[in-house]
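Asks: Dumping the structure here so I can ask a few things about it.
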Ligand SMILES: O=C(O)C(=O)[C@H](O)CO
Ligand SMILES: [Mg+2]
């Protein structure tokens, strides 16, 4: 059965951010992911991880900005990455280097690097080469530090004009970059909204070894995985059967309260086949 990581940006939001680590550990999580660490010093975050026996398994590079102040305000200003955006190469590089600095301090093996919102009047086709070039540079930087860069297909309802929407968009970029340090973050919530046929996509892409992180949520409300149109017990069994050994991030907005809503996870773990 997959190993689950708590997403501290969407879960435990009733608590101040730094208190969410303890809450996740108390609920039995051994790993965490979240959007951004940059409002805190790496040492403060590393101390929380250590104190609660947690591993950091994923976070995002800054969405834009050349310096810490600009990076901090970028998400709220609507920025969603710069990998595919013309004229933003300096920000892209600054963000990747800042993320890798944190990844090292937090011993986090991978960072999610976002591609950006397609500028009006531009077609994604025309920006694929630029995006691949930026990602190639980022993958080289990450590889030199023993880390991986991930890209994630995201649905257009939540993020209009986001550059990477389908699994084949992401895999096409991986083909172009051709680096073992660039991988895919496969979020089954986005996959169901954009493409459907989720089990077939898992069967197609997990055996490639290119999927380094999976995320889950119910569809369409992005609540617990046992709410909505996807039947996760089947998908978890399939993910196991396909030999996926990575983390599954719980990237959902709890409807039942974070701890009270973990029944789906406990049932999934209880259904795990006995280890030989
Ligand atoms: O929104 C998601 O699904 C993510 O995983 C990102 O990291 C943030 O957009
Ligand atoms: Mg996601």
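Heads up, the Cβ atoms here are built off N, Cα and C, so glycines get one too.
This is the feature table in TrEMBL:
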- 21-264: domain 'Xylose isomerase-like TIM barrel' (DOMAIN)
- 152: active site, proton donor/acceptor (ACT_SITE)
- 251: active site, proton donor/acceptor (ACT_SITE)
Asks: Can you give me the Cα-Cα distance between residue 251 (active site, proton donor/acceptor) and residue 152 (active site, proton donor/acceptor) in Å, rounded to a whole number?
Replies: 13
Asks: Where does residue 251 (active site, proton donor/acceptor) sit by DSSP, helix, strand or coil?
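Replies: In three-state terms, residue 251 (active site, proton donor/acceptor) counts as coil.
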Asks: When you tally the Cβ atoms that lie within 10 Å of each candidate's Cβ, which of the active-site residues (152, 251) has the highest tally?
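Replies: Output for this query is 251.
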